[in-house]
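Feature annotations, courtesy of Swiss-Prot:
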COMPBIAS  138-147  compositional bias 'Basic and acidic residues'
COMPBIAS  190-208  compositional bias 'Polar residues'
COMPBIAS  250-260  compositional bias 'Basic and acidic residues'
DOMAIN    31-88  domain 'FHA'
MOD_RES   Ser78  phosphoserine
Amino acid sequence: MLPCFQLLRIGGGRGVDLYTFHPPSGAGCTYRLGCRADLCDVALRPQQEPGFISEVHAELHAERRGDDWRVSLEDHSSQGTLVNNVRLPRGHRLELSDGDLLTFGPEGPPGTSPSEFYMFQQVRVKPQDFAAITIPRSRGEEGETRAGFRPMLPSQGAPQRPLSTLSPTPKATLILNSIGSLSKLHLQPLTFSRSGSGPQNPPVSTTPGEVRTTPSAPPPRNRRKSAHRVLAELDDEREAPESLPPVLIEPRKKLLRVEKTPPTPSGNRRGRPRKHPVSIPRAPPAAGGGEPCAAPCCCLPQEETVAWVQCDGCDTWFHVACVGCSIQAAKEADFRCPGCRVGIQS
């Protein structure tokens, strides 16, 4: 296996669907792409508006870098060359990466634009299996027609068998199928044979929708969604984002209320509901209406802001000043009223 790089045609066209390049040993070389077949190594012949392709539209510069090739694209056209839908300035070189989309001509989507679209890919293959381009035309004389496309053929005495007998799947098809993104482009790549019979069209492959005909297993139930259905009526579920699990929602630690106006009986308790509620939670009573709090000795705070705390045992509301605890302590720990503490001790 030798390092090579390929240009795979996307969409329709009258040229070859797959070009494989294996530069000769040395510092590097240059390959030309354009509409002049006698000057270029890759002939660009779009089905629509061939005038958008220049005689020498672009050049591929290959330089040796370790065991691989560093390939750059240079634009020489009048209509433009794009790499991944970004126009390349005329005369500017850009290093290509595996999987880049090359557009020769005006900008537009494949199938609707009179441009040539190719996928650039770096592979390791046997160059003779793909009739790789070795000697570029730019190194030969101007009128020499034999200096452009020189395929690497096997040596004398090597078996001349078609690729279909070497493996169940042709090697060209194996490389093309290794790019997952190409399956969405509905390509019809050509496989090459060394027996001299020319390119062969592979059998038409079915679309992804036709291949997956077996019924798939039903997706597992989302436990998070079922938990949200149970707690759908709580205020916490309307405030907390759906991406957070229910266990991360703050359970009960907003029972401490500091209000300028007396709290109203509206609103539900925060947190997960009890499985066996012992009593219905009671909201703090309104100012001036009955007993201010459930403390045996209510001191009736006269401040503008009154702090309330709810017992975690009996759900009864108390003034923070009446039960003798601090606001910070009520926020950080569970609060039990004197009656509940006596019940726990007994």
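The backbone N, Cα and C atoms fix where each Cβ goes, and this holds for glycine too.
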For the residue listed as 'phosphoserine', the number of other Cβ atoms found within 10 Å of its own Cβ: 11
Number of helical, extended and coil residues in the domain 'FHA' (31-88), per DSSP: 3 helix, 27 strand, 28 coil
Segment-level pLDDT (mean, integer) for the domain 'FHA' (31-88): 86
